[in-house]
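Database features (TrEMBL):
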DOMAIN    152-214  domain 'PAN-3'
SIGNAL    1-16  signal peptide
Amino acid sequence: MWTIALVAMLATRSLSHQLGMVSLALTTTQQTASKGNKLCQDLGYDGLGILSTPEAYAYALTISKHKRLAERAGFYIGLRRLLNPERTVWDDGSTPATDLPLDNDDDSIGRVSRVGTFRMVDGNDEKYALCGNYDSLTMMETFGTTVHGREPANTSFKLSESTASSYMKCVVMCSQETLCRLADFKADISTCTLFGPGTLNTTENAASTTFIRVSFEEVKEEYV
């Protein structure tokens, strides 16, 4: 089971925002994707919810458990296939992570199936809709494990490197980057290095403390 690193040191955010609840909710009715998006907006959300982090995915699977298992129903999400150029994007304009368990990408709108798989569909079937706001900093928690005395063995998936005064601040940096899956903090040089999805083997380094964030597949195995 994963430990939970609380994200409560966002210096640029107000206290009320730091302690805010996750901005995701399921509709109580089933409708087409376009009507679901409109309903979400009428309810005060930005539109269909985006699941760009493993933590948001875990929350969505939790609140949809009854509908997915008892009613065998999936739900629409804010993931779209665009043309010119062809690409799949979240409704906030961000690109999905490479570890997103996406079954296909050849249709127009995203849906999470009853077994938790992401699929692109035409959006014409009547399903539940996941509503959400597009602020990625509404999550209170980041899921993962802490490993002492280990560092990544390669830098192939390196996202960034910056100064950090503590391991917890390094974890916060990772939580604010939707693509981050590992954060390596070196206390001797006060450096935080973030890594994206990929095979990240580790090697010994006494000065390193590494946060290994949970992946989408791990969330799926735990929550479905």
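Using the three backbone atoms N, Cα and C, a Cβ is placed for every residue, glycine included.
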Within the predicted model, mean pLDDT of the domain 'PAN-3' (152-214): 92
For the domain 'PAN-3' (152-214), residues assigned helix / strand / coil by DSSP: 9 helix, 29 strand, 25 coil
